[in-house]
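Enquirer: In case it's useful when we look at the structure, here is the feature table from Swiss-Prot:
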DOMAIN    31-206  domain 'BPL/LPL catalytic'
BINDING   ARG70, GLY71, GLY72, GLN73, VAL74, THR75, TYR76, HIS77, SER137, ILE138, GLY139, GLY150, LEU151, ALA152  substrate binding site
SITE      LYS134  site 'Lowers pKa of active site Cys'
ACT_SITE  CYS168  active site, acyl-thioester intermediate
Amino acid sequence: MNDVIIRQLAHLIPYQPLWEAMQTFTALRQSQTTDEIWFLEHEPVFTQGLAGKPEHVLNSGNIPLIRTDRGGQVTYHGPGQLMMYLLLDLNRLGLSTRTFVRTIENTVAESLQEWGIPAQGKETAPGVYVDDKKICSIGLRVRKGFSYHGLALNVAMDLTPFSCINPCGFKGLMMTQIQDYVNPIEMDAVKRTIIPLFLKNFGYNQPAIMVETSLEFLIDDHLRSFSEKLGERETVTNSRQN
């Protein structure tokens, strides 16, 4: 069993600084760094993945469009959508990228089935679907065995912006959300359902759960830790030279 830290960000988070925070965490982490899962909701934004094509953005309007470094095509993020950013060491977990994606899909589908929603993955396209409607999108990046980015689960949101794009590069793909099947639905209830399943399916111990009001935790926890390690290395190097 491995340790994991779960961070729940309390406010709507703009995409750009969150993306930069993920990159920083991944670049600085070491083999002993504890895995983290970040739960949050974004301010409205379209994100274009590495495989994204301009023709799949039909009309972004006043919603910003950001080209990012995750896999996949264009999608929408906004209030009422649960983002789970998975900052994991796949080598330590013994997971290939393919198995990682399948485990995410199966875990999300299992959580939705607990709400009576007949969700499942598809062999031909990443994500989780209810019939032919997509309820959860997955976009990842893996560097040196460390994953970042994650999944977007539609809970209780305005789905209208999806009509301004070809979601995930599929013309005419319909989107759905938990609220269409379970109404009312609360975001915290969805988290309480999905967290234990992620812990079980990925082999994690009970997590440390932290509520964050901003991205300052990255500076407080990780950059300081990295600086301390760098200082220790410099001290050792200097002592050897002396």
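Yeah, the Cβs are placed from backbone N, Cα and C, and that goes for glycine too.
These figures come from a predicted structure and were not determined experimentally.
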Enquirer: Would you mind giving the whole-number mean pLDDT across the domain 'BPL/LPL catalytic' (31-206)?
Expert: 97
Enquirer: So if I measure Cβ to Cβ from VAL74 (substrate binding site) and keep only same-chain residues at least 6 apart in sequence, which ones fall under 8 Å?
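Expert: The list for VAL74 (substrate binding site) reads PHE46, THR47, GLN48, GLY49, GLY52, HIS56, VAL57, LEU65, ILE165, ASN166, PRO167, CYS168, GLY169, given in order along the sequence.
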Enquirer: Residues with Cβ closer than 8 Å to the Cβ of LYS134 (site 'Lowers pKa of active site Cys'), same chain and 6+ apart in sequence?
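Expert: Non-local contacts for LYS134 (site 'Lowers pKa of active site Cys'): GLY127, VAL128, PRO167, CYS168, LEU173, MET174, MET175, THR176.
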Enquirer: Which residues, sitting 6 or more apart from TYR76 (substrate binding site) on the same chain, put a CB under 8 Å from its CB?
Expert: PRO44, VAL45, PHE46, ILE63, PRO161, PHE162, CYS164, ILE165, PRO167
Enquirer: Using Cβ atoms only, which residues of the same chain lie under 8 Å from GLY72 (substrate binding site) while being at least 6 residues apart in sequence?
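Expert: Same-chain residues close to GLY72 (substrate binding site) (Cβ under 8 Å, separated by 6 or more) are GLY49, LEU50, ALA51, GLY52, PRO126, SER137, ILE138, GLY139, CYS168, GLY169.
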Enquirer: If you count Cβ atoms within 10 Å of the Cβ of SER137 (substrate binding site), leaving out that atom itself, what do you get?
Expert: 24
Enquirer: Taking the residues ARG70, GLY71, GLY72, GLN73, VAL74, THR75, TYR76, HIS77, SER137, ILE138, GLY139, GLY150, LEU151, ALA152 listed for substrate, what is the greatest CA to CA distance in Å, to the nearest whole number?
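Expert: Looking at ARG70, GLY71, GLY72, GLN73, VAL74, THR75, TYR76, HIS77, SER137, ILE138, GLY139, GLY150, LEU151, ALA152 as a set, their Cα atoms extend up to 15 Å apart.
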Enquirer: Within 10 Å of the Cβ of LEU151 (substrate binding site), how many other Cβ atoms are there?
Expert: 23
Enquirer: For GLY139 (substrate binding site), what is the tally of other C-beta atoms lying within 10 angstroms of its C-beta?
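Expert: Summing over all protein chains shown, GLY139 (substrate binding site) has 22 other Cβ atoms within 10 Å.
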Enquirer: Let me make sure I understand the structure: which of the recorded positions listed (ARG70, CYS168) has the fewest other Cβ atoms within 10 A of its Cβ?
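Expert: Looking at the recorded positions ARG70, CYS168, the Cβ with the fewest others within 10 Å is that of ARG70.
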